[in-house]
Amino acid sequence: MTKTPGAPPALTDEQRAVVELPWDAKCLVVAGAGAGKTHTLVRRLDALVERDDVLPGEILVLSFSNAAVRELRQRIQRHAVAADRVRVQTFDSWATAFLSEIAPTGEWNTVPFDERIRNATEAIGEGRLDEYLTEDLAHVVVDEVQDLVGDRSRMIEALLDEYRDAGFTVVGDPAQSLYGFQVPVAQRAEEVNSFFPWLRNSFPADLRELRLTRNFRATTDSARTALHLGHRLQQDDLTAQGHRSVHTQLHAALLSNLAFAPLDSELAASALRSHHGTNAILCTTNGQALAVSRSLWTSGIPHKVQRSAQDRVLPTWLSLLYRRCEGSTLARARFDAIADELELPDGEARDVLWHALVRLDGRGHRSGIDLNRVKTALAGGRIPDELTTQDTERLVVSTVHRAKGLEFDRVVVIDPGPVAAASDAKDSDPAAAARALYVAMTRPRTDLYHLELRRDPFLRKDGDGRPATGRWYRGGTGTKRGQRYGIEVLGGDVSREAPAGADDLEGNAVDLQRYLAQEVHAGDPVAFVRAHALPTGPDASPPYLLRHAGRVIGSASEAFRKDLYSIRRTRKDAAALAWPLTITDLFLDSVETVVGSDNVALGAGLGERGVWLAPRPTGLGRFEWEKKGTEDGEG
Ligand SMILES: Nc1ncnc2c1ncn2[C@@H]1O[C@H](COP(=O)(O)OP(=O)(O)OP(=O)(O)O)[C@@H](O)[C@H]1O
C-alpha cells in the first residue's frame, strides 16, 4: 500500500541538527514543553531508515504509556514515510515480550510489572537480549526520559551499557518529571532526573547533548501562560522553597485564565458538545477523575477516562474475531473479511492489528496465524500495545500523570489549590506539585481553562501512605469517621473466571455474549446487586452481580469482594458487618475480551476457544441499603 502522509512541518535548524546525526550517534535532547521533542524523534526515525538504511527491526523505540505509544505511532503515520514499520512499545510490554521469549513457561501475566522489568534488566545484563532480538540492535529511542526512575531507569541503563556500539536518541524535559512517587520518599530527591547525569557520566566522550528552544504547541497567550516557568523547573538545584514559589506563580497564572462552567451546568454541556477540537479535563488525583467522569456521564457527555499504563485491556473485536473463526488457522483474507464485518478500521491501522497477531503467533506461517498460539501468548500476559490502545474520543478525562506527552486543543485544569505551606507539609512534595501543574498547563494548543471542583469531604483514598486496597471510597467525617458510604469500582472488578451466565445464576451465556456485543455501551449505567447476604469467605463480602438494564452481565471478582470487605471492616466485630443491597452510581467503561479457560467456555456453550466478552464497570459506587436512603446500614 502506498503511503501519503501529510507534509510534516519544516524542521528548525535545532531540530535538524538532531535528525541529521549519524545512526550511531549517542544523543540526548533536552527541551521544554511543546518544543517538538516527540516530533523530532519521529523525523529522526525516518532519517535512520531512509538515509542510513537502518532496518525497522534494528531500532527499538520505547515509551511509558499506551497513550504515549499511540501518540508516537499516529505521528509516525502522519509525518514519516520510511519509518512506518518501526515499532513503538511501552517498557512494560517490551519487557514482557522479551521475557516470554527467553522463559516461555514463566507465566509472566501473574508477575507484577515492576518485577518483570527487574527480570528483564537482569537478563539484559546476562547478555540474553540477543536470544529475543531478530536483528542486531542499531539504535535505541526513548521519549520522556525525565520519568526514568527506579526499575525502569535501571533497565534502560543496562540496555545502553550492554549495546555500546548502538546509537541512541533520548529526549526529555527535567521540568516535567512526574513519576518520582514510584520511589520511596527518602530516595526521591536523588532519583528524580538522575538519568541525565547517568548518561553524561557513562558516555563522557561520545554524548551529544542538544537543545530545542522554540515552543510550537501553544498558539495563544492563554496556552503559553506557564511556559516562562519551565526553565526554573529545569534547574537541578531548585530548593523546596523554590518549587513552592514556582507553584504559586503557576497557580496564579492558571487562575488568570477563564474559569470553565461547572460540569453539571447546561453551559458546560453545550461547550463540550459543540467544540470540534480535542478536549481534556486534567485532574490531580484519580478520585477527582472519578467525580468528573460521573458528572459527564450523568449529563450524557461521551468521554474517555485515560487508563493507567498497567491496565491492559483487550478490545471487544478480538473475542468476536475468535468466535467467528472456523478452524485454528486464520489467513489474512479471512481476517480482512471478518474485520470488514466488525467494521474495524482498514488500511494501515488494520495492518498494525494483523501484524500484532502475527508477532504473537511468533512463527509467521504463509497460510496464516495459529489462533491457539496467539491465545496462549495473550493468556501468558503478552499483550501488545497495539491491541490495548483506547479508542479516540474528543473528550478525555485524565490525571495529569496519564496525560504527559499528549496535547489537546482545549484543556480544563482542575484547580489543584495552593501548594501546602512548609509548616504543615509533612507529606507534600512541592517539587512534584509544581511539575505536575506545569505539565497540565502546557498541554493545550489554544485554550486553557481552570475549574474548581467542589471539595467532597467524604471522598478519601484507602491506605494513603500504607498498604491497603488503594481504592477511593466515601467515608464519614467527625464522629462518623468509621462509616462507609461507597467504594471505587475498577474495570477489572468483574470476574474473569467464567463468562456471565456460565454459573447458571441468571441468563444464558450465549445470549449474554450477544447482548454484551450489541446492547452494552460505554457510559451505560450499571450497578452491583447483592446475590445473597452470606459472605463468600472469612475476609470477603457476599457475591454481587453486575446489572445492566435489568440483566445480569457479570459477577464481582474475588479481588473486589475482598476489597469491599476491607473497606467495610471499620468495626472490631467483623461478624456483625452489614452488606449494601446495591452499589449504584456505576457506569460502563467498555466491554473487553477475556482470555480464559477453554473448558469453562465449552461448558458455557461458547465453543472451545476460551475467549469471551466481559463488562468493565467504573465509578465511585454508592452503597444503598434495604431500608430508606443511602446511609450506612450499620448506623
Ligand atoms: N518544526 C515544527 N514546525 C511546526 N510545528 C512543529 C514543529 N515541531 C513540532 N511541532 C508541533 O508542535 C507540537 C509540540 O511538539 P511535540 O509534542 O513534539 O513537543 P514535545 O517537546 O514532545 O512536548 P512535551 O514535552 O510537552 O510533550 C506538535 O503539535 C508538533 O507537531
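Glycine is no exception: its Cβ is also placed from the backbone N, Cα and C atoms.
Features as listed in TrEMBL:
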type	residues	note
DOMAIN	10-334	domain 'UvrD-like helicase ATP-binding'
BINDING	Ala31, Gly32, Ala33, Gly34, Ala35, Gly36, Lys37, Thr38	ATP binding site
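All protein chains shown were included, and the count of other CB atoms within 10 Å of the CB of Gly32 (ATP binding site) stands at 25. Around the Cβ of Lys37 (ATP binding site), a 10 Å sphere holds 24 further Cβ atoms from the protein chains shown.
For the domain 'UvrD-like helicase ATP-binding' (10-334), the model gives a mean pLDDT of 91.
Other C-beta atoms found within 10 angstroms of the C-beta of Gly34 (ATP binding site) number 25, with every protein chain shown included.
Taking the mean position of the Cβ atoms of Ala31, Gly32, Ala33, Gly34, Ala35, Gly36, Lys37, Thr38 as the ATP site, the remaining same-chain residues with a Cβ inside 8 Å of that point are Asp173, Leu212, Asn215, Phe216, Arg217. Proximity of the binding-site residues (Gly32, Ala33, Ala35, Gly36, Thr38) to ligand 1: a Cβ under 6 Å from the molecule is found for Ala33, Ala35, Gly36, Thr38. Counting every protein chain shown, the number of other Cβ atoms lying within 10 Å of the Cβ of Ala31 (ATP binding site) is 24. Ala33 (ATP binding site) counts 23 other C-beta atoms within 10 Å of its own C-beta, drawing on all protein chains shown. The Cβ of Thr38 (ATP binding site) has 19 other Cβ atoms within 10 Å, all protein chains considered. Non-local neighbourhood of Ala35 (ATP binding site): Asp173, Leu212, Thr213, Arg214, Asn215, Phe216, each in the same chain, at least six residues away, with C-beta under 8 Å from its C-beta.
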